[in-house]
Amino acid sequence: MSGCSKRCRLGFVKFAQTIFKLITGTLSKDKIEDDLEMTMVCHRPEGLEQLEAQTNFTKRELQVLYRGFKNECPSGVVNEETFKQIYAQFFPHGDASTYAHYLFNAFDTTQTGSVKFEDFVTALSILLRGTVHEKLRWTFNLYDINKDGYINKEEMMDIVKAIYDMMGKYTYPVLKEDTPRQHVDVFFQKMDKNKDGIVTLDEFLESCQEDDNIMRSLQLFQNVM
């Protein structure tokens, strides 16, 4: 979406705030009704019944999300620059650009350089309301930067460092410079069961589900998605 205007980017930030309200349960029924009414005036989305069947969102929630996505970005797609604008506003004390890049690639499953509403809401459904297994598979795909079906230590380091960079220097307690490397060394040693230098999907799923510390760390990382 190369021509996405400033209004589009600001509008998409409002869309992200609507997502936050869905996560926290603070999106009131009255607010949903108001957004639904405005959605029906501005757009009549097609295929929401199919998305309702494919995701864990109700039709009403999909209509609210659709309004934020399509009404503010009429082209119907979001590019990487928009992602970076959103995360820069939510994490002003850090550098969110690298993490936003990796996250965008995980949403852009077809590698077209743009994310459609269907792509976004499908991933969002997994992250917010998917099973543990579904969330772990999605997280594995995020860490598998080159999409070869494996995670190596460099890929894991790149993602973890990007998250720490995004959180910024004002974290509490203050993090040491080598903290990301230490975390990755511990995680990778536990996950690489056969010590071949790569982590397969099966190793990732098994390690995460048998180690509470890894699960808690991944849940913290998922909170920034």
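The backbone N, Cα and C atoms fix where each Cβ goes, and this holds for glycine too.
Predicted, not measured: the structure shown is a model, and the values here were computed from it.
Mean predicted confidence for the domain 'EF-hand' (95-130): the pLDDT average there is 89. The domain 'EF-hand' feature in TrEMBL is assigned to 95-130 (among others).
Cβ atoms under 8 Å from those of the domain 'EF-hand' (131-166) belong to residues 87, 91, 94-96, 98-99, 101-103, 105-106, 123, 175, 179-181, 183-184, 187-188, 191, 197-201, 204-205, 208-209, 218, 221-222, 224 of the same chain, restricted to positions at least 6 beyond its ends. Annotated domain 'EF-hand' per TrEMBL: 131-166 (among others), in sequence order.
What TrEMBL lists as domain 'EF-hand' is 179-214 (among others). Distant neighbours of the domain 'EF-hand' (179-214): 132-133, 136-137, 140, 143, 149-153, 156-157, 160-161, 164; these residues of the same chain sit at least 6 beyond its ends, with a Cβ under 8 Å from one of its Cβ atoms.
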